[in-house]
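What TrEMBL lists as transmembrane segment is 12-35, 47-67, 73-95, 102-129, 135-155, 167-188, 194-216.
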Amino acid sequence: MTHHEEALARTIIGVIGNIISFCLFISPAPTFVRICKNKSTEEFHPYPYLACVMNCLFWIFYGIPVVHPDSTLVITINSIGLALELIYLTIFALYTTKRNRVIIALVLFCEALFLAVIIIITIICFHNHKMRSMFVGIICVVFGIIMYGSPLSIIRKVFKTKSVEFLPFWLCLAGFLNGAVWFTYAFLKTFDPYIATGNGIGGLLGLFQLCVYAYFSLKGAPKADDTKPS
């Protein structure tokens, strides 16, 4: 494959990755329609959305030219994702408990503070693209894995109740597909170990979540509400 063909393939895969990433970010929409309809967050957790905010913030920073040039597609989709996640968290905060509102506000504040510290360290301590990409890329990998793994916070309940009611299928499916496509993208034109590592592990986590969902769905387990004591 020639350099031009690799660049074209990378662009095509990147666009496909953007589409699937958008599906990943929009996949919680049915959950929030349910929350608005019931005026309650029930037993849904805010942690996946908080993790996604942090992940998007760092990938946006990673993609800017002073850190990692030629990453426009990384910036665009994560900017869209950040906007959607903030909308989700706003809705969640409206219908959740006071304790959860405090947690959401505190975590968002800590995320913004942490990002500011990392930006300062990156600009002051690292003076070329390679070093900046490595420093920020490692952090992106960590938060990317946290984002992909965040639905695991409900897995314990799934095993306990034998119900997948509160395990968002579309979020798990989109997470798996998103990880697989961006993993492929990382190998085209110029190998990006940080995109490859984070999304490779993320794809595996998404696959595991899908297997859990399929297992309990095929067993025909009752919904979580049916397992609650009367």
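Note that Cβ sites are derived from N, Cα and C of the backbone, with glycine treated the same way.
Through the fold, the transmembrane segment (194-216) approaches residues 62, 74, 133-134, 137-138, 140-141, 144-145, 147-149, 151-152, 155, 158, 162-164, 167, 169, 172-183, 185-187 of its own chain, all at least 6 residues removed from its boundaries and within a Cβ separation under 8 Å. Packing against the transmembrane segment (12-35) from elsewhere in the chain are residues 41-42, 44, 48-49, 52, 73, 76-78, 80-81, 84-85, 88, 91-92, 95, 168, 170-171, 173-175, 177-178, 181-182, 184-185, 188: each is 6 or more residues past its ends and has a CB under 8 Å from a CB in it.
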